[in-house]
Amino acid sequence: MKAFSVTCLGFAVFSSSICVNINILQQIGYIKQQVRQLSYYSQSSSSYIVVKLLPNIQPTDNSCEFKSVTQYNKTLSNLLLPIAENINNIASPSPGSRRHKRFAGIAIGIAALGVATAAQVTAAVSLVQAQTNARAIAAMKNSIQATNRAIFEVKEGTQQLAIAVQAIQDHINTIMNTQLNNMSCQILDNQLATYLGLYLTELTTVFQPQLINPALSPISIQALRSLLGSMTPAVVQATLSTSISAAEILSAGLMEGQIVSVLLDEMQMIVKINIPTIVTQSNALVIDFYSISSFINNQESIIQLPDRILEIGNEQWSYPAKNCKLTRHHIFCQYNEAERLSLESKLCLAGNISACVFSPIAGSYMRRFVALDGTIVANCRSLTCLCKSPSYPIYQPDHHAVTTIDLTTCQTLSLDGLDFSIVSLSNITYAENLTISLSQTINTQPIDISTELSKVNASLQNAVKYIKESNHQLQSVSVNSKIGAIIVAALVLSILSIIISLLFCCWAYIATKEIRRINFKTNHINTISSSVDDLIRY
């Protein structure tokens, strides 16, 4: 009994519905690689995060003086001072200076921007617009500074202004504060210096672009993740309401941050986060395929299908996703990039091999195998497939386009010198004998196309030559036909002349004979008349 593996999101209501047949496609070198859920996103709102860069340390019984904190504070001030000055230059141009421009009533320091594109000027406008919220958040800096909580909400009345985060505070609370009275000051200082040094290294890496110009270089959420430390998932969940995991959103880079204010005295940084709106399209899957060469009609070929398709229910489209962000389980796009597929391509995806189109290939660097869920799918007619455990060569019959090698076939496989351990069984319970016509193979490579064009041009030249020869023959036949027509006409005229002559002769003969008869009768009458005259005289 044959078991088909078909992906189709919706229920097939009509018998003509088309779904992707994974098993059949795998047998011709078109292997499913990844399936992702399609979602759309747009930047719609903003949130603010207050990052407290200097942790609070509880006082100890022996009144330790931590020199590492003082040195860390000094180094951090040197790091953040250029950023703070740059933000102040952009957000607060000097009153006497006329070198600034207004966007909707907002004054921007053009000199601080330098050479800026439209997008960079827009970022500067956003930075200036955020100053109102930044000042409201900074007004509550004392409450933020006093707390030793790793994360908490900054509220003004009932309105949430921001989320305060102390990335290293969580480690201080859970490890350092519990050991303050059990270790010597030197050991605690060294341990704290290690944590602060590592965190400072991350900050230097994160904010290196912002040292030039924070308005022109927004920080990505990946860099912000280093800034937030272990509090990143909690911050993401607090700022973004979605069922998609924080790891997926962060890895896609959908959230970007921009430093809008730096409070050097308190070592606090206010970061504006652009929060996307994410909508997941139901019943929409984006399937990635990996094509390897196959043995078709005694030559190495590759199937002509897109590397990525979109399937909604029983309909398929090509989906390039050039402007989308991909994660392991999701694909985030700002708009639909679907492109129509021909009916033949859809039939091929459904497992109708007679509708598939292949292209012949040549060369030694073609993709000829792929690992699939612990098994290997390979074109063993174009590369050497040797099983080492047990030891025997793997032969691919002529009627098989590729070979699927699983644990029942081989345990250790060598492909052109590369060794692989097979750890799984194949889920394909059957293999069809493929029959593919020669008309299904076309050339798509530029070199092959030019070769085929040369053949076509040669055929056209031969055709032109034959046409000229045929025209010459036709012209000869035409001249001979004219001469023949003249001869025939002459013969006809001659025959007509002879017939007319014969008729004239016959008529003359008859007329002469009639005249003689009439003359004879006339003479006879004259003789009788003279005889009568003689009798009368007597």
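Quick reminder: no glycine exception, Cβ is built from N, Cα and C everywhere.
Annotation source Swiss-Prot lists signal peptide at 1-19. What Swiss-Prot records for 20-486 is topological domain 'Extracellular', and it gives similarity to another entry as the kind of evidence. Feature annotation from Swiss-Prot assigns N-linked glycosylation site to Asn56, Asn73, Asn182, Asn352, Asn427, Asn433, Asn457. Residues or ranges marked as region 'Fusion peptide' in Swiss-Prot: 103-127. Look at Swiss-Prot and you will find 128-156, 452-477 tagged as coiled coil, backed by sequence analysis. Residues or ranges marked as disulfide bond by Swiss-Prot: Cys324-Cys333, Cys348-Cys356, Cys380-Cys385, Cys387-Cys410. Sequence annotations record features per position, and here Swiss-Prot assigns transmembrane segment to 487-507 based on sequence analysis. Marked as topological domain 'Cytoplasmic' by Swiss-Prot: 508-538.
A map of Swiss-Prot features onto the structure.
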| residue | record | CB count, 10 Å |
| --- | --- | --- |
| Asn73 | N-linked glycosylation site | 14 |
| Cys324 | disulfide bond | 22 |
| Cys333 | disulfide bond | 20 |
| Cys348 | disulfide bond | 27 |
| Asn352 | N-linked glycosylation site | 14 |
| Cys356 | disulfide bond | 23 |
| Cys380 | disulfide bond | 22 |
| Cys385 | disulfide bond | 24 |
| Cys387 | disulfide bond | 17 |
| Cys410 | disulfide bond | 23 |
Nearest of the recorded positions (Asn73, Asn352, Cys356) to Cys324 (disulfide bond) - Cα to Cα: Cys356
Rounded mean pLDDT for the residues that make up the coiled coil (128-156): 58
Nearest of the disulfide-bonded residues (Cys333, Cys385, Cys387) to Asn352 (N-linked glycosylation site), judged by Cα-Cα distance: Cys385
Reduced DSSP assignment, Cys333 (disulfide bond): strand
Euclidean distance between Cα atoms of Cys387 (disulfide bond) and Cys380 (disulfide bond), Å: 12
Integer Å distance between the CA atoms belonging to Asn73 (N-linked glycosylation site) and Cys348 (disulfide bond): 65
Inter-residue C-alpha distance, Cys385 (disulfide bond) and Cys356 (disulfide bond) (nearest angstrom): 26
Three-state secondary structure, Cys387 (disulfide bond) (per DSSP): strand
Cys387 (disulfide bond) versus recorded positions Asn73, Cys333, Cys356 - nearest by Cα: Cys356
Spatially closest candidate among Asn73, Cys333, Cys356, the listed recorded positions, to Cys410 (disulfide bond) (Cα to Cα): Cys356
Three-state secondary structure, which DSSP defines for Cys324 (disulfide bond): coil
Integer Cα-Cα distance in angstrom, Asn73 (N-linked glycosylation site) to Cys333 (disulfide bond): 42
Cα distance (Å, whole number) from Cys333 (disulfide bond) to Cys356 (disulfide bond): 30
